Amino acid sequence: MPHHRKKTSVIGDSVEDVAEYIVQHNVKNILVLVGAGISVAAGIPDFRSPNTGIYAQLEKYNLDEPSDAFSIDLLREHPHIFYSIAQEMDLWPGRYKPTRVHHFIKLLADKGLLLRCCTQNIDGLEGAAGLSAEHIVEAHGSFRTSSCIDCHLPYDTATNKKEAFDGLISRCPECGGIVKPDVVFFGEQLPPQFFEVLVRDTQSADMVMILGTSLQVHPFAALPHRVRLGVPRIVINRERVGGRVFHFPTDMEPAPSSSSDAASSDGGREGGTSTSSSDGMTQYGEFERPALLRDLFFPGDCQEVVLELAKAMGLEEELAAGRRIFGII
């Protein structure tokens, strides 16, 4: 009788395995979660990279913390700091072009495979790639629109940009409040659409793809943990992220325990814990390795990994054609 190797992964360990899983399991509701790493190839720096990231470039402002540049309290007191940074970043529509990853996400939508793209990015490149508003949730807002921080009256984006480059602080014509691009600052509420993703989309998704994000900002970082048990989670990033929320085939296996041996065959139930982090999330290091893994990690440049995945899915030519529309070879 032939010996069959014990299955240890729901999905396998290669881009070909991912493509095969999508076909064999009739995947139609992929939840895509993206961060700044997918826009670096467009020329936009990410936030956290040493020396080159946006936070690293804010030292000249002598802030207590780099994130203070996006604090609503600091904006009220010293709006010129944010507007100086905004002028340097110039994330208003028109300057940057979508990357291969953006076009790949649009292709997923065209093929009826995309449930939603929830992005941490404020550059608006998902929409610039042609993704419909129905498919995009901008968790941290964007520069596409502007409004008053007090009465929330919409403000013309082109005027906001022009005034910023003229060294002016845009003011609301109704109440005189400060106007800013509709980027979510620390201290502001995330848009209601994000919480629909958190509550509904995580339960509807039949696959999750996580690209170019450090998963360090909550509540966005909670999304991968909220998806149903057994649903594959594909992480594409230069570095491993998420701590032990994820269990990848390439991870070093911990010593066996009775609870991990008894993990369910649907991809493993994360172990419980008696403690929680300050934001209410379970500590990353307290999850136990399941018997059957549902997570897969592809380290490296997300632009290159996505190209390999597109090839495996038979979408390479269509991906290239979409990029040619934007004059990108």
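Just so it is clear, glycine is given a Cβ too, placed from its N, Cα and C backbone atoms.
Those TrEMBL annotations? Automatic predictions, nothing curated.
What TrEMBL records for this protein:
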type	residues	note
DOMAIN	8-316	domain 'Deacetylase sirtuin-type'
BINDING	Asp46, Phe47, Arg48, Gln120, Asn121, Ile122, Asp123, Thr213, Ser214, Asn237, Arg238, Glu239	NAD(+) binding site
ACT_SITE	His140	active site, proton acceptor
BINDING	Cys148, Cys151, Cys172, Cys175	Zn(2+) binding site
REGION	247-283	region 'Disordered'
COMPBIAS	254-280	compositional bias 'Low complexity'
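Structure coloured by features recorded in TrEMBL.
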{"residue": "Asn121", "record": "NAD(+) binding site", "Cβ contacts under 8 Å, 6 or more apart": "Val34, Gly35, Ala36, Ile38, Ser39, Glu138, His140, Ser142"}
{"residue": "Asp123", "record": "NAD(+) binding site", "Cβ contacts under 8 Å, 6 or more apart": "Ser39, Ala42, Ile44, Leu91, Tyr96, Ser142, Phe143"}
{"residue": "Cys148", "record": "Zn(2+) binding site", "Cβ contacts under 8 Å, 6 or more apart": "Tyr155, Cys172, Glu174, Cys175, Gly177, Ile178, Val179"}
{"residue": "Cys151", "record": "Zn(2+) binding site", "Cβ contacts under 8 Å, 6 or more apart": "Cys172, Glu174, Cys175, Gly177"}
{"residue": "Arg238", "record": "NAD(+) binding site", "Cβ contacts under 8 Å, 6 or more apart": "Gly37, Pro299, Gly300, Asp301, Cys302"}
For this session: Based on Cβ atoms within 10 Å, give me the single least packed residue among the recorded positions His140, Cys172, Cys175, Ser214.
Result: Cys175
Seminar exercise, completed: Confidence over the domain 'Deacetylase sirtuin-type' (8-316), expressed as mean pLDDT on the 0 to 100 scale, is 86
For this session: Work out the three-state DSSP category of Cys148 (Zn(2+) binding site).
Result: strand
Exercise. Taking the mean position of the Cβ atoms of Cys148, Cys151, Cys172, Cys175 as the Zn(2+) site, which residues outside that list, in the same chain, have a Cβ no more than 8 Å away, listed in sequence order?
Worked result: Ile149, Asp150, His152, Leu153, Pro173, Glu174, Gly176, Gly177, Val179
For this session: Work out the three-state DSSP category of Cys172 (Zn(2+) binding site).
Result: coil
